[in-house]
Amino acid sequence: MPLVVVCGLPSSGKSQRTEELRRALASEGRAVYVVDDASVLGAQDPTVYGDSAGEKALRAALRAAVERRLSRQDVVILDSVNYIKGFRYELYCLARAARTPLCLLYCVRPNWPSRELREASASENRDLAVSVSWRPRAETGGKSQAAGAVEEQRATSPVANGGVLAAVSKELDPEEILPSNPSAVMTPGSEKSAEPASCAFPPEVLESLALRFESPDSRNRWDRPLFTVVGLEEPLPLAEIRSALFENRAPPPHQSTQSQPLASGSFLHQLDQATSQVLTAVMEAQKSAVPGDFLKLPGTTEPLRFTRPLTLAELSRLRRQFISYTKMHPNNENLPQLANMFLQYLNQSLH
């Protein structure tokens, strides 16, 4: 089934849009798999985007995870920055090789990452970055907690950077408040962890990603169909995405994405034998030839025009080239004509 590539800068709403799309497709009974940075790293690590070697390894891990999941039965959603068009082209080739459609979901946050928005987002995340542990009232005998403990339920924002923070249950009392890790919050029913707070990305990493970001272009075949959503208020174009994923025909495979036919052992043996015999015959025939003659070799109908003395090294190099090309397009029907085909190749290559 199709591949959905989600791209955009950190804190642009990618994880929230991914979860929204996952829920919509899962409600139709479809199997949906989400691949993100945390699922391949084991834990969210924003600093990996500041290290070229680590980022390269991350892209390789994401590509491998997508390739393992990609099939004609399941929907795969890749939730990552995906800011390099070359990497998006690799994903396009994966989908094309699997003969399954692909679409791109581009999440945009206006004026991000500006300094003012970063400071405001960091302030909001500091207010939300608390972890509450509870103890049932029965264990405390219904008594109030120690001094300084919070007695009233504190409702948190339902959405923070695409992750869902569960409300505190009325049956439990807070016991202590400790710093938390926002990336550890899991979305119910999802296989992926929530996107980390934007303050987890150092400002220099955000600015570097913004400068390096290669925006999708619908004129590129690997970037279309392209769906752009601005902010979190704009509704997700679910109808158009469904049409692109399930109604469009998958792109046909071409030579770079389809498996080459396997050549039989006898074909390769006869190819090697025929070209070797031609080389031996040419080296012997040119001993009595003068420039301008046409060499007639035994067992062939194609003459070889003799223009200058040929060395064994030059003929061996052309023979290797011919064998490499012929192995890519094996055809048992050409077995009787291998020697003539090699002579035609020599006539075109020799000057």
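For all residues, glycine too, the Cβ spot is worked out from N, Cα and C.
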Among 114-134, 177-197, 282-302, 324-344, Swiss-Prot lists region 'Disordered' at 177-197
Here are some residues: Thr18, Thr47, Thr156, Thr257. Which is flagged as phosphothreonine in Swiss-Prot?
Thr156
Could you let me know which of Lys56, Lys143 shows up in Swiss-Prot as N6-acetyllysine?
Lys143
Annotated residue, phosphoserine, per Swiss-Prot; candidates Ser157, Ser215
Ser157
